[in-house]
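Annotated domain 'BPL/LPL catalytic' per Swiss-Prot: 30-205, in sequence order, evidence recorded as sequence analysis. Per Swiss-Prot, substrate binding site is recorded for ARG68, GLY69, GLY70, LYS71, TYR72, THR73, TYR74, HIS75, ALA140, PHE141, GLY142, GLY153, ILE154, ALA155, and the stated evidence type is sequence analysis. Residues annotated as site 'Lowers pKa of active site Cys' in Swiss-Prot: LYS137. Look at Swiss-Prot and you will find CYS171 tagged as active site, acyl-thioester intermediate.
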Amino acid sequence: MVEWLISDQLINYNYAVKFMEKKIQQIHNNSSDELVWLLQHPPLYTAGISATDDDVVEKLLPIYKTGRGGKYTYHGPGQRIIYLMLNLKKRNKCDIKLYIRELGSWIINVLKHFNIFGEFKEDRIGVWVNNNGVEEKIAAFGIRLRKWITYHGIALNFSPDLSHYKGIIPCGLKGYGVTSIKELGVKAPLFKLDNILKKEFYKIF
């Protein structure tokens with residue numbers, strides 16, 4: 001069984017990491033169900049295990065070093081953070097590349113509900129859209145596993161302040177832009193996105 005948690009208030013980043021670490025230990029001990037946590041963070045940057053100082057253009061916001069995969073990314077209001085704590089071993093899916101591809105398929109299927117056509121890129125992990133001939137990232141992935149239990153996850157741009165990305169080179173990729181569901185001309189309440197995320201989740205996971 002997968003539990004779903006939706007947090008309405010902005011969640012402190014360090015608190016979120018501690019929460020996930022506690023939860024995955026409980027999942028490992030069979031004392032808790034798997035969890036999908038939908039939330040938003042206050043404006044900040046996170047630096048994954050591959051991050052380098054060269055990817056910081058200007059320190060506009062606080063930077064948090066974290067153990068997830070990837071480089072620098074932005075989190076803030078209007079961005080739907082999706083943290084997944086899933087036991088891949090119990091699901092007989094001990095394949096990290098398969099898991100990442102399934103995350104991509106999930107988000108692509110969600111975006112179709114908004115008439116947005118995303119594409120998963122294995123060489124530039126995440127979901128991208130073609131915006132008038134320009135490739136722009138709409139969802140960033142950063143995951144970590146412990147004893148084949150996942151944590152961290154996806155940052156899907158719903159309606160964030162995209163100007164905050166100017167302080168970093170997102171995911172270490174120069175020459176590419178970022179976009180959001182709102183930026184692509186879609187007006188919808190956040191709860192609609194959450195409902196679609198849940199509906200499409202069970203078709204893949």
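In case you wondered, yes, glycine gets a Cβ from its N, Cα and C as well.
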Taking only the CA atoms, the spacing between GLY70 (substrate binding site) and LYS137 (site 'Lowers pKa of active site Cys'), expressed in whole angstrom, is 14
Rounded to a whole number of Å, the separation of the Cα atoms of TYR72 (substrate binding site) and LYS137 (site 'Lowers pKa of active site Cys') comes to 14
Mean of pLDDT values spanning the domain 'BPL/LPL catalytic' (30-205): 92
Determine, to the nearest whole angstrom, how far the Cα atom of TYR74 (substrate binding site) is from the Cα atom of LYS137 (site 'Lowers pKa of active site Cys'). 12
At a 10 Å cut-off from the C-beta of ALA140 (substrate binding site), count the other C-beta atoms across all protein chains. 25
TYR72 (substrate binding site) has how many other Cβ neighbours within 10 Å of its own Cβ? 25
